[in-house]
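Participant: The active site, proton donor/acceptor annotation in TrEMBL covers 140. Residues or ranges marked as active site, schiff-base intermediate with substrate by TrEMBL: 167. The 3-dehydroquinate binding site feature in TrEMBL is assigned to 19, 44, 45, 46, 79, 209, 228, 232. Residues or ranges marked as ATP binding site in TrEMBL: 261, 262, 263, 264, 265, 266, 367. Under the heading Mg(2+) binding site, TrEMBL lists 265. If you look up TrEMBL, you'll see 283, 307, 329, 386 marked as substrate binding site.
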(Lines of atoms letter the chains of each structure in order from A; the text may use other names.)
(Lines give C-alpha, C1' and ligand atoms only; values in the text may rest on other atoms or scores of the structure.)
Protein backbone atom coordinates (compact mmCIF):
# COMPACT_ATOMS: atom_id res chain seq x y z
CA UNK A 1 0.00 0.00 0.00
CA UNK A 2 1.48 3.35 -1.07
CA UNK A 3 0.22 6.78 -0.04
CA UNK A 4 0.89 9.62 -2.47
CA UNK A 5 -0.72 13.02 -2.05
CA UNK A 6 -4.44 12.37 -1.54
CA UNK A 7 -4.62 8.75 -2.68
CA UNK A 8 -3.69 5.38 -1.24
CA UNK A 9 -2.66 2.88 -3.91
CA UNK A 10 -3.41 -0.73 -3.02
CA UNK A 11 -6.35 0.17 -0.79
CA UNK A 12 -9.91 -0.24 -2.04
CA UNK A 13 -10.73 -0.01 -5.73
CA UNK A 14 -7.93 0.08 -8.33
CA UNK A 15 -6.90 3.67 -8.97
CA UNK A 16 -7.64 5.01 -12.46
CA UNK A 17 -4.76 6.53 -14.43
CA UNK A 18 -5.16 8.50 -17.67
CA UNK A 19 -2.26 9.26 -20.03
CA UNK A 20 -1.28 12.52 -21.71
CA UNK A 21 0.06 11.79 -25.20
CA UNK A 22 0.31 15.28 -26.73
CA UNK A 23 3.09 16.09 -29.19
CA UNK A 24 3.87 19.66 -28.08
CA UNK A 25 3.55 21.99 -25.11
CA UNK A 26 0.12 23.34 -26.10
CA UNK A 27 -1.52 19.97 -26.73
CA UNK A 28 0.06 18.49 -23.60
CA UNK A 29 -1.37 21.19 -21.34
CA UNK A 30 -4.73 21.17 -23.16
CA UNK A 31 -4.96 17.40 -22.72
CA UNK A 32 -4.15 17.74 -19.02
CA UNK A 33 -6.92 20.29 -18.55
CA UNK A 34 -9.42 18.06 -20.36
CA UNK A 35 -8.36 14.99 -18.40
CA UNK A 36 -8.74 16.77 -15.05
CA UNK A 37 -12.41 17.46 -15.82
CA UNK A 38 -12.93 13.66 -15.63
CA UNK A 39 -11.31 13.43 -12.17
CA UNK A 40 -8.74 10.65 -12.62
CA UNK A 41 -6.84 9.31 -9.61
CA UNK A 42 -3.46 9.56 -11.38
CA UNK A 43 -2.26 11.28 -14.56
CA UNK A 44 0.59 9.88 -16.66
CA UNK A 45 2.68 12.02 -18.98
CA UNK A 46 4.00 9.89 -21.84
CA UNK A 47 7.03 12.00 -22.72
CA UNK A 48 8.00 9.65 -25.55
CA UNK A 49 4.95 10.94 -27.46
CA UNK A 50 6.28 14.52 -27.42
CA UNK A 51 8.09 15.85 -30.48
CA UNK A 52 9.92 18.55 -28.53
CA UNK A 53 12.76 16.78 -26.77
CA UNK A 54 15.22 18.51 -24.45
CA UNK A 55 15.65 18.68 -20.71
CA UNK A 56 14.74 22.37 -20.37
CA UNK A 57 11.38 21.79 -22.06
CA UNK A 58 10.71 18.79 -19.81
CA UNK A 59 11.06 20.81 -16.61
CA UNK A 60 9.07 23.73 -17.98
CA UNK A 61 6.17 21.49 -19.04
CA UNK A 62 6.28 19.64 -15.72
CA UNK A 63 5.83 22.96 -13.90
CA UNK A 64 2.79 23.74 -16.05
CA UNK A 65 1.38 20.25 -15.52
CA UNK A 66 1.83 20.50 -11.78
CA UNK A 67 -0.21 23.70 -11.77
CA UNK A 68 -3.02 22.03 -13.74
CA UNK A 69 -3.02 18.77 -11.78
CA UNK A 70 -2.78 20.41 -8.34
CA UNK A 71 -2.84 17.48 -5.88
CA UNK A 72 -3.44 14.73 -8.44
CA UNK A 73 -0.38 12.43 -8.56
CA UNK A 74 1.73 12.64 -11.73
CA UNK A 75 3.44 9.64 -13.33
CA UNK A 76 6.29 10.37 -15.76
CA UNK A 77 7.00 7.77 -18.46
CA UNK A 78 9.35 7.48 -21.40
CA UNK A 79 8.22 4.29 -23.16
CA UNK A 80 10.91 3.05 -25.54
CA UNK A 81 10.16 1.59 -28.96
CA UNK A 82 11.22 -1.91 -27.89
CA UNK A 83 8.48 -1.87 -25.25
CA UNK A 84 5.78 -0.34 -27.43
CA UNK A 85 6.64 3.34 -27.14
CA UNK A 86 7.17 6.10 -29.68
CA UNK A 87 10.91 6.77 -29.41
CA UNK A 88 14.26 5.08 -29.12
CA UNK A 89 16.79 6.34 -26.61
CA UNK A 90 20.18 5.20 -25.37
CA UNK A 91 20.43 3.83 -21.86
CA UNK A 92 22.73 6.73 -20.94
CA UNK A 93 20.23 9.34 -22.19
CA UNK A 94 17.37 7.47 -20.49
CA UNK A 95 19.27 7.57 -17.19
CA UNK A 96 20.09 11.28 -17.53
CA UNK A 97 16.47 12.12 -18.42
CA UNK A 98 15.14 10.31 -15.39
CA UNK A 99 17.75 11.88 -13.08
CA UNK A 100 16.66 15.30 -14.33
CA UNK A 101 12.94 14.60 -13.91
CA UNK A 102 13.32 13.05 -10.45
CA UNK A 103 15.33 16.03 -9.20
CA UNK A 104 12.59 18.55 -10.11
CA UNK A 105 10.32 17.47 -7.27
CA UNK A 106 7.37 17.84 -9.65
CA UNK A 107 6.48 14.18 -10.25
CA UNK A 108 5.23 11.50 -7.87
CA UNK A 109 5.99 8.35 -9.88
CA UNK A 110 8.42 7.44 -12.63
CA UNK A 111 8.00 4.34 -14.80
CA UNK A 112 11.29 2.52 -15.34
CA UNK A 113 11.59 -0.31 -17.86
CA UNK A 114 13.16 -2.88 -15.57
CA UNK A 115 14.34 -5.42 -18.12
CA UNK A 116 15.15 -3.34 -21.22
CA UNK A 117 17.61 -1.27 -19.19
CA UNK A 118 19.43 -4.33 -17.88
CA UNK A 119 21.74 -3.84 -14.92
CA UNK A 120 21.49 -0.05 -15.26
CA UNK A 121 17.83 -0.18 -14.17
CA UNK A 122 18.80 -0.72 -10.55
CA UNK A 123 21.01 2.38 -10.50
CA UNK A 124 18.32 4.46 -12.23
CA UNK A 125 15.73 3.33 -9.70
CA UNK A 126 18.01 4.08 -6.74
CA UNK A 127 18.64 7.61 -7.98
CA UNK A 128 14.93 8.23 -8.48
CA UNK A 129 14.04 6.95 -5.01
CA UNK A 130 16.84 9.01 -3.44
CA UNK A 131 14.93 12.02 -4.79
CA UNK A 132 11.78 10.92 -2.96
CA UNK A 133 9.94 9.73 -6.07
CA UNK A 134 8.13 6.37 -6.24
CA UNK A 135 9.11 3.91 -8.97
CA UNK A 136 6.93 1.65 -11.11
CA UNK A 137 9.24 -1.02 -12.53
CA UNK A 138 7.63 -2.17 -15.76
CA UNK A 139 7.76 -4.73 -18.55
CA UNK A 140 5.74 -4.52 -21.78
CA UNK A 141 5.35 -7.11 -24.54
CA UNK A 142 3.21 -5.93 -27.45
CA UNK A 143 3.68 -9.18 -29.37
CA UNK A 144 2.62 -11.95 -27.02
CA UNK A 145 1.84 -13.13 -23.52
CA UNK A 146 4.75 -15.09 -22.05
CA UNK A 147 3.99 -18.41 -20.34
CA UNK A 148 3.06 -18.47 -16.67
CA UNK A 149 6.57 -19.51 -15.67
CA UNK A 150 8.06 -16.76 -17.82
CA UNK A 151 5.69 -14.20 -16.28
CA UNK A 152 6.79 -15.31 -12.82
CA UNK A 153 10.45 -14.94 -13.79
CA UNK A 154 9.78 -11.46 -15.19
CA UNK A 155 8.06 -10.42 -11.95
CA UNK A 156 10.97 -11.74 -9.89
CA UNK A 157 13.39 -9.74 -12.04
CA UNK A 158 11.30 -6.57 -11.80
CA UNK A 159 10.99 -6.91 -8.04
CA UNK A 160 14.74 -7.40 -7.66
CA UNK A 161 15.38 -3.95 -9.16
CA UNK A 162 14.14 -2.26 -5.98
CA UNK A 163 11.14 -0.24 -7.20
CA UNK A 164 7.89 0.32 -5.33
CA UNK A 165 5.37 -1.26 -7.74
CA UNK A 166 5.88 -3.85 -10.48
CA UNK A 167 3.95 -3.59 -13.75
CA UNK A 168 3.20 -6.15 -16.48
CA UNK A 169 1.49 -5.29 -19.78
CA UNK A 170 1.28 -8.02 -22.41
CA UNK A 171 -0.56 -8.85 -25.63
CA UNK A 172 -2.97 -11.81 -25.62
CA UNK A 173 -3.69 -14.10 -28.56
CA UNK A 174 -6.57 -15.94 -26.89
CA UNK A 175 -8.59 -15.89 -23.68
CA UNK A 176 -6.22 -18.39 -22.07
CA UNK A 177 -3.45 -15.77 -22.32
CA UNK A 178 -5.66 -13.27 -20.50
CA UNK A 179 -6.52 -15.78 -17.80
CA UNK A 180 -2.85 -16.72 -17.35
CA UNK A 181 -1.89 -13.10 -16.69
CA UNK A 182 -4.73 -12.67 -14.22
CA UNK A 183 -3.78 -15.91 -12.44
CA UNK A 184 -0.12 -14.90 -12.12
CA UNK A 185 -1.10 -11.41 -10.92
CA UNK A 186 -3.29 -12.85 -8.18
CA UNK A 187 -0.62 -15.37 -7.24
CA UNK A 188 2.01 -12.63 -6.94
CA UNK A 189 -0.26 -10.42 -4.82
CA UNK A 190 -1.31 -13.31 -2.55
CA UNK A 191 2.26 -14.57 -2.07
CA UNK A 192 4.07 -11.25 -1.60
CA UNK A 193 1.36 -8.77 -0.56
CA UNK A 194 3.26 -6.26 -2.70
CA UNK A 195 1.69 -3.83 -5.12
CA UNK A 196 1.34 -4.88 -8.75
CA UNK A 197 -0.19 -3.41 -11.89
CA UNK A 198 -1.06 -5.76 -14.73
CA UNK A 199 -3.04 -5.61 -17.92
CA UNK A 200 -3.71 -7.74 -20.96
CA UNK A 201 -3.95 -5.40 -23.92
CA UNK A 202 -6.42 -5.22 -26.85
CA UNK A 203 -10.18 -5.72 -26.70
CA UNK A 204 -9.61 -9.37 -25.81
CA UNK A 205 -7.89 -8.30 -22.60
CA UNK A 206 -10.38 -5.67 -21.44
CA UNK A 207 -11.45 -7.89 -18.56
CA UNK A 208 -7.96 -7.59 -17.06
CA UNK A 209 -8.37 -3.82 -16.78
CA UNK A 210 -11.35 -4.04 -14.42
CA UNK A 211 -10.64 -7.14 -12.33
CA UNK A 212 -8.29 -5.54 -9.80
CA UNK A 213 -10.63 -6.42 -6.96
CA UNK A 214 -10.22 -10.10 -7.84
CA UNK A 215 -6.54 -10.29 -8.84
CA UNK A 216 -5.01 -7.46 -6.81
CA UNK A 217 -3.89 -5.14 -9.63
CA UNK A 218 -3.82 -1.74 -7.93
CA UNK A 219 -3.93 0.68 -10.90
CA UNK A 220 -5.79 0.55 -14.20
CA UNK A 221 -5.39 2.77 -17.25
CA UNK A 222 -8.35 4.46 -18.94
CA UNK A 223 -8.75 6.91 -21.81
CA UNK A 224 -10.19 10.42 -22.09
CA UNK A 225 -9.01 11.92 -25.37
CA UNK A 226 -7.41 8.87 -26.99
CA UNK A 227 -6.12 5.53 -25.79
CA UNK A 228 -2.40 5.26 -25.07
CA UNK A 229 -2.52 1.45 -25.39
CA UNK A 230 -4.84 -1.07 -27.10
CA UNK A 231 -7.99 -2.01 -25.18
CA UNK A 232 -8.22 0.98 -22.87
CA UNK A 233 -11.73 1.77 -21.64
CA UNK A 234 -13.05 5.37 -21.53
CA UNK A 235 -12.72 6.71 -17.98
CA UNK A 236 -16.48 7.21 -17.56
CA UNK A 237 -17.12 3.53 -18.34
CA UNK A 238 -14.14 2.43 -16.26
CA UNK A 239 -15.40 4.20 -13.15
CA UNK A 240 -18.87 2.73 -13.67
CA UNK A 241 -17.48 -0.79 -14.12
CA UNK A 242 -15.29 -0.59 -11.01
CA UNK A 243 -18.16 0.82 -8.92
CA UNK A 244 -20.54 -1.90 -10.11
CA UNK A 245 -18.02 -4.63 -9.28
CA UNK A 246 -17.53 -3.11 -5.82
CA UNK A 247 -21.31 -3.13 -5.22
CA UNK A 248 -21.90 -6.56 -6.77
CA UNK A 249 -23.87 -9.07 -4.67
CA UNK A 250 -21.88 -12.31 -4.67
CA UNK A 251 -23.97 -14.00 -1.99
CA UNK A 252 -26.56 -15.44 -4.39
CA UNK A 253 -26.21 -18.12 -7.02
CA UNK A 254 -26.38 -16.89 -10.61
CA UNK A 255 -28.07 -19.15 -13.17
CA UNK A 256 -27.37 -18.14 -16.77
CA UNK A 257 -30.01 -19.42 -19.16
CA UNK A 258 -30.80 -18.93 -22.82
CA UNK A 259 -30.79 -20.69 -26.14
CA UNK A 260 -27.55 -22.29 -27.28
CA UNK A 261 -25.11 -19.80 -28.74
CA UNK A 262 -26.13 -16.88 -26.54
CA UNK A 263 -22.76 -17.01 -24.77
CA UNK A 264 -23.63 -18.61 -21.45
CA UNK A 265 -20.34 -20.50 -21.03
CA UNK A 266 -18.07 -17.65 -22.12
CA UNK A 267 -19.90 -15.05 -20.06
CA UNK A 268 -20.00 -17.31 -16.99
CA UNK A 269 -16.22 -17.66 -17.15
CA UNK A 270 -15.76 -13.89 -17.45
CA UNK A 271 -18.11 -13.32 -14.51
CA UNK A 272 -16.14 -15.85 -12.49
CA UNK A 273 -12.89 -13.98 -13.10
CA UNK A 274 -14.40 -10.57 -12.33
CA UNK A 275 -16.19 -11.65 -9.15
CA UNK A 276 -14.07 -14.51 -7.83
CA UNK A 277 -17.16 -16.74 -7.71
CA UNK A 278 -16.94 -20.44 -8.54
CA UNK A 279 -18.20 -21.33 -12.03
CA UNK A 280 -20.02 -24.54 -12.96
CA UNK A 281 -20.99 -25.62 -16.47
CA UNK A 282 -24.15 -27.70 -16.29
CA UNK A 283 -23.40 -29.69 -19.45
CA UNK A 284 -19.94 -30.58 -18.10
CA UNK A 285 -21.49 -31.74 -14.84
CA UNK A 286 -23.98 -33.89 -16.77
CA UNK A 287 -21.14 -35.49 -18.74
CA UNK A 288 -19.29 -36.26 -15.49
CA UNK A 289 -22.39 -37.75 -13.92
CA UNK A 290 -23.34 -39.87 -16.95
CA UNK A 291 -19.81 -40.88 -17.86
CA UNK A 292 -20.43 -40.14 -21.53
CA UNK A 293 -20.86 -37.22 -23.91
CA UNK A 294 -24.19 -35.45 -24.35
CA UNK A 295 -24.36 -36.68 -27.94
CA UNK A 296 -23.99 -40.26 -26.69
CA UNK A 297 -26.69 -39.78 -24.04
CA UNK A 298 -29.12 -38.57 -26.72
CA UNK A 299 -28.21 -41.37 -29.14
CA UNK A 300 -28.32 -44.23 -26.63
CA UNK A 301 -31.07 -43.18 -24.23
CA UNK A 302 -33.00 -40.30 -25.82
CA UNK A 303 -33.79 -36.77 -24.71
CA UNK A 304 -36.03 -37.72 -21.77
CA UNK A 305 -33.20 -39.60 -20.07
CA UNK A 306 -30.90 -36.63 -20.66
CA UNK A 307 -33.48 -34.31 -19.07
CA UNK A 308 -33.70 -36.61 -16.02
CA UNK A 309 -29.96 -36.36 -15.47
CA UNK A 310 -30.15 -32.63 -16.07
CA UNK A 311 -32.74 -32.25 -13.31
CA UNK A 312 -30.52 -34.14 -10.88
CA UNK A 313 -27.62 -31.84 -11.72
CA UNK A 314 -29.78 -28.71 -11.37
CA UNK A 315 -30.82 -29.89 -7.91
CA UNK A 316 -27.20 -30.53 -6.89
CA UNK A 317 -25.85 -27.23 -8.24
CA UNK A 318 -28.70 -25.26 -6.69
CA UNK A 319 -27.40 -26.25 -3.27
CA UNK A 320 -24.12 -24.43 -3.89
CA UNK A 321 -23.58 -21.00 -2.33
CA UNK A 322 -22.33 -18.01 -4.29
CA UNK A 323 -21.88 -19.95 -7.53
CA UNK A 324 -22.25 -19.07 -11.21
CA UNK A 325 -24.00 -21.82 -13.15
CA UNK A 326 -24.04 -21.91 -16.94
CA UNK A 327 -27.20 -23.84 -17.79
CA UNK A 328 -27.95 -25.96 -20.83
CA UNK A 329 -30.33 -24.45 -23.35
CA UNK A 330 -33.23 -26.64 -22.20
CA UNK A 331 -32.59 -26.54 -18.46
CA UNK A 332 -35.68 -24.45 -17.75
CA UNK A 333 -38.09 -26.63 -19.75
CA UNK A 334 -39.04 -28.47 -16.57
CA UNK A 335 -40.81 -26.39 -13.95
CA UNK A 336 -39.07 -28.24 -11.11
CA UNK A 337 -35.71 -27.08 -12.46
CA UNK A 338 -36.90 -23.48 -12.45
CA UNK A 339 -38.13 -23.87 -8.89
CA UNK A 340 -34.73 -25.17 -7.75
CA UNK A 341 -33.04 -22.18 -9.38
CA UNK A 342 -35.41 -19.52 -8.08
CA UNK A 343 -35.28 -20.86 -4.55
CA UNK A 344 -31.49 -20.67 -4.55
CA UNK A 345 -30.51 -17.65 -6.64
CA UNK A 346 -31.37 -15.41 -9.56
CA UNK A 347 -31.94 -16.39 -13.19
CA UNK A 348 -30.29 -14.34 -15.94
CA UNK A 349 -31.63 -14.74 -19.48
CA UNK A 350 -29.21 -14.12 -22.34
CA UNK A 351 -31.08 -13.30 -25.54
CA UNK A 352 -30.00 -13.27 -29.18
CA UNK A 353 -31.70 -13.33 -32.57
CA UNK A 354 -31.86 -16.59 -34.57
CA UNK A 355 -29.42 -15.06 -37.06
CA UNK A 356 -26.89 -14.32 -34.32
CA UNK A 357 -27.26 -17.80 -32.84
CA UNK A 358 -26.78 -19.41 -36.25
CA UNK A 359 -23.55 -17.49 -36.87
CA UNK A 360 -22.23 -18.57 -33.47
CA UNK A 361 -23.09 -22.29 -33.67
CA UNK A 362 -23.08 -23.17 -37.39
CA UNK A 363 -19.71 -24.92 -37.22
CA UNK A 364 -20.43 -26.81 -34.00
CA UNK A 365 -20.90 -30.59 -34.01
CA UNK A 366 -21.95 -30.75 -30.34
CA UNK A 367 -25.53 -29.49 -30.64
CA UNK A 368 -27.70 -32.65 -30.78
CA UNK A 369 -31.00 -30.87 -31.42
CA UNK A 370 -29.48 -29.05 -34.40
CA UNK A 371 -27.44 -31.86 -35.89
CA UNK A 372 -30.09 -32.79 -38.45
CA UNK A 373 -31.15 -29.26 -39.34
CA UNK A 374 -28.59 -26.49 -38.84
CA UNK A 375 -30.61 -23.60 -40.26
CA UNK A 376 -31.92 -20.23 -39.17
CA UNK A 377 -35.52 -21.39 -39.68
CA UNK A 378 -35.04 -24.42 -37.43
CA UNK A 379 -33.28 -22.35 -34.78
CA UNK A 380 -36.07 -19.77 -34.94
CA UNK A 381 -38.74 -22.46 -34.53
CA UNK A 382 -36.98 -23.93 -31.49
CA UNK A 383 -36.49 -20.51 -29.95
CA UNK A 384 -40.17 -19.70 -30.39
CA UNK A 385 -41.10 -22.86 -28.51
CA UNK A 386 -38.94 -21.86 -25.56
CA UNK A 387 -39.28 -18.08 -25.60
CA UNK A 388 -42.24 -17.78 -23.22
CA UNK A 389 -40.64 -20.14 -20.70
CA UNK A 390 -37.36 -18.24 -20.79
CA UNK A 391 -39.04 -14.85 -20.43
CA UNK A 392 -41.33 -15.94 -17.61
CA UNK A 393 -38.69 -17.46 -15.36
CA UNK A 394 -35.90 -14.88 -15.74
CA UNK A 395 -35.15 -12.27 -13.07
CA UNK A 396 -32.85 -10.33 -15.41
CA UNK A 397 -32.79 -10.21 -19.23
CA UNK A 398 -29.84 -9.13 -21.38
CA UNK A 399 -29.78 -8.80 -25.18
CA UNK A 400 -26.37 -9.99 -26.40
CA UNK A 401 -26.52 -9.36 -30.17
CA UNK A 402 -24.60 -6.09 -30.31
CA UNK A 403 -22.50 -6.56 -27.18
CA UNK A 404 -19.16 -8.26 -26.60
CA UNK A 405 -19.01 -11.00 -23.99
CA UNK A 406 -17.21 -8.54 -21.70
CA UNK A 407 -19.98 -5.95 -22.11
CA UNK A 408 -22.66 -8.56 -21.37
CA UNK A 409 -20.83 -9.61 -18.21
CA UNK A 410 -20.55 -6.00 -17.06
CA UNK A 411 -24.25 -5.41 -17.71
CA UNK A 412 -25.11 -8.46 -15.59
CA UNK A 413 -22.87 -7.22 -12.79
CA UNK A 414 -24.49 -3.80 -12.99
CA UNK A 415 -27.90 -5.42 -12.48
CA UNK A 416 -26.75 -7.52 -9.52
CA UNK A 417 -26.00 -4.98 -6.82
CA UNK A 418 -26.27 -5.63 -3.09
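Please read every residue number as a count from 1 along the shown chain.
Every residue, even glycine, has its Cβ placed from backbone N, Cα and C.
Note that the structure is a prediction, hence the values are computed from the model and not measured.
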Participant: Helix, strand or coil at residue 46 (3-dehydroquinate binding site), per DSSP?
Facilitator: strand
Participant: Let me know how many other Cβ atoms fall within 10 Å of the Cβ of residue 79 (3-dehydroquinate binding site).
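Facilitator: If we count other Cβ atoms within 10 Å of residue 79 (3-dehydroquinate binding site), we arrive at 24.
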Participant: Rounded to the nearest angstrom, how far is the Cα of the residue listed as 'active site, proton donor/acceptor' from the Cα of residue 264 (ATP binding site)?
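Facilitator: Given the Cα positions, residue 264 (ATP binding site) is 33 Å from the residue listed as 'active site, proton donor/acceptor'.
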Participant: How many Å separate the two farthest-apart Cα atoms among the substrate-binding residues 283, 307, 329, 386?
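Facilitator: Largest pairwise Cα separation, rounded: 18 Å.
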Participant: Looking at the recorded positions 46, 140, 209, 307, which one has the fewest other Cβ atoms within 10 Å of its own Cβ?
Facilitator: 307
Participant: Could you check which of the recorded positions (140, 262, 266) sits closest to residue 79 (3-dehydroquinate binding site), going Cα to Cα?
Facilitator: 140
Participant: If you measure C-alpha to C-alpha, which of 167, 209, 232, 329 (recorded positions) come within 10 angstroms of residue 140 (active site, proton donor/acceptor)?
Facilitator: 167
